[in-house]
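Taken from TrEMBL, the feature [4Fe-4S] cluster binding site covers C53, C57, C60. What TrEMBL records for C97, C128, C188, R260 is [2Fe-2S] cluster binding site. Per TrEMBL, the feature domain 'Radical SAM core' maps to 38-256.
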Amino acid sequence: MTTHSRWTLSQVTELFEKPLLDLLFEAQQIHRQHFDPRQVQVSTLLSIKTGACPEDCKYCPQSSRYKTGLEAERLMEVEQVLESARQAKNAGSTRFCMGAAWKNPHERDMPYLQQMVQGVKALGLEACMTLGTLDESQAQRLAEAGLDYYNHNLDTSPEFYGNIITTRSYQERLDTLDKVREAGIKVCSGGIVGLGETVTDRAGLLLQLANLPTPPESVPINMLVKVKGTPLADNDDVDAFDFIRTIAVARIMMPTSYVRLSAGREQMNEQTQAMCFMAGANSIFYGCKLLTTPNPAEDKDLQLFHKLGLNPQQTAVLAGDNEQRARLEQALLTPDTDDYYNAAVV
């Protein structure tokens, strides 16, 4: 399959059914064709508005419908957010994502959100936001502020989705992704493993993502973090090999996308994380907390990187950018040509 081919459910299911070592070998080969296998993108995620969300996502401690002990907080001040971004940059992050527990942003908050994006960009970081549903105007204003990525996860397959969320339709999520793409913002979209879904549902999620008109540039794969008070608090644990398979299939289906190990790393041992990197994961969230749930401390991640011979990526580079860099380097070897002077200007 090529990046632009449309996958079928049977093809994706066949990938999930492959012997694990064969699947990992295929995923790692594809990964090496498009990315430096030793480089891992390091991102930081900050909750800029916490709790009191009107949605009923059964996995989420920020929903106002569940008693999780989480205290609601108003939208953070712009300077508070930028100070967190500075700290993230100093800790080695190249991408800063800001999340708000909303169904959608309010118009009164848009100027502050735009200032946050502009401030993060001024620090030399990639800027990402996850704010819920956007309309065309909101997407355009965030794009004009310089937003690089917008995250809006599909969570699971269309067939299983209604078991997890009823306050926002699947189509509404797809429509938001369309608006983001039309505004010129890169798409970040993935899902969660461990909601009670079947392997077919996992295949269906990846099918939806890979068959978008343009696949997401960033694909976060989360392992359910079970929070007391939410309806999914007593779900069965996810088998580590099943999670690793999901990472590998995502890499094969979306070869030029960043595949991010997101929520749930705190409950994974080093061996599981290492196999996820072997399966093609090349991005993590860095820092002791993801929105409201625990995450491994920075020093623990750096120790794991050292053991595995991995390096934090110094700048965020998509697979296509690697190809552009190679062309520029080649052009600089041919003086007195138009290509040479164009490359020198870049």
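Every residue number used here counts from 1 along the chain in the order it is shown.
In case you wondered, yes, glycine gets a Cβ from its N, Cα and C as well.
Remember, TrEMBL labels are computer predictions, not curated facts.
Annotation for C128 ([2Fe-2S] cluster binding site): same-chain Cβ neighbours under 8 Å, separated by at least 6 residues, are S43, R95, F96, C97, M98, L147, D148, Y149, Y150, N151, C188, S218. R260 ([2Fe-2S] cluster binding site) sits 19 Å from C60 ([4Fe-4S] cluster binding site), taking the CA atoms of both as reference points. Neighbour count (other Cβ atoms within 10 Å of the Cβ, all protein chains): 24 for R260 ([2Fe-2S] cluster binding site). Cβ neighbour count for C97 ([2Fe-2S] cluster binding site) (all protein chains, 10 Å cutoff from its Cβ): 28. Residue density at C57 ([4Fe-4S] cluster binding site): 23 other Cβ atoms are found within 10 A of its Cβ, drawing on all protein chains shown. If you average pLDDT over the domain 'Radical SAM core' (38-256) in this model, you get 92.
Summarising the environment of C188 ([2Fe-2S] cluster binding site), the number of other Cβ atoms within 10 Å of its Cβ, over all protein chains shown, is 27.
Long-range Cβ proximity for C53 ([4Fe-4S] cluster binding site), meaning a same-chain Cβ under 8 A and a gap of 6 or more residues, is found for C60, Q62, S63, S64, A101, W102, K103. Surrounding the centroid of the Cβ atoms of C53, C57, C60, where the record places [4Fe-4S] cluster, the chain contributes additional residues within 8 Å, namely E55, D56, Y59, P61, Q62, S63, A101.
Same-chain residues with CB within 8 A of the center of the C97, C128, C188, R260 CB atoms, the [2Fe-2S] cluster site residues themselves not counted, are S43, L45, R95, T130, Y149, N151, S218, P220.
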